[in-house]
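S.K.: The annotation domain 'Thioredoxin' is assigned in TrEMBL to 38-184. Annotated region 'Disordered' per TrEMBL: 187-266, in sequence order. Sequence annotations record features per position, and here TrEMBL assigns compositional bias 'Low complexity' to 191-256. Annotation source TrEMBL lists compositional bias 'Pro residues' at 257-266.
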């Protein structure tokens, strides 16, 4: 009798622990009845939430433009700060491509407000304390913190691509390229935040561009200076226009079955 009671008690404790862990980690059950991350091609959920300023942001209001919805675990952690600042540094290029960016985590509005202020974030970060957005997209959570997963929504409101494996250091450039393909936007070819390289043969910084050209190497003393190369500006003149940036053509990104997210970098 005592052994039977002990066995029943152990089974009860195991069931309770399993239920608590499932609740803490998120079961991946979506409101639409699906399991796991929303797949490519499915309609994005019509959800809304307050941002760091208290303004209500509704996903369906963004129809006609591409939208990046990136989920992250917690304000102020190293990986989340790196990712947010990368989106910040590329913000002008996202706007140029007609792409809206939403950051989403389970932090409070006050936490978001402080996080955005400290890092000068120009885009909305949404308050998802009740995991409405995370559940709607099928994003799991662990100990109340949302996994690091990004979704790209096309201008028609459908999931165009899912990024379950996110490296905050390089993720933003990949998302920007994919979003520009969706919208057909013309973007600079260098990565976000990269400076413009000097053309080959350019004078070093600080050189006097107005100084006259000297005689060619090996020329006799007193020989006239060599004429400027064809197409080169005269001394003090204005250089000609550069090569036009190629325009990315709009394509539908290939459908792919997303893999479960890896443990977040925090």
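Using the three backbone atoms N, Cα and C, a Cβ is placed for every residue, glycine included.
Tell me about the surroundings of these features in the structure.
M.R.: The residues of the domain 'Thioredoxin' (38-184), classed with DSSP into helix (H, G, I), strand (E, B) and coil, number 52 helix, 38 strand, 57 coil.
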S.K.: Please work out the mean pLDDT for the residues of the domain 'Thioredoxin' (38-184).
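M.R.: For the domain 'Thioredoxin' (38-184), the model's average pLDDT rounds to 96.
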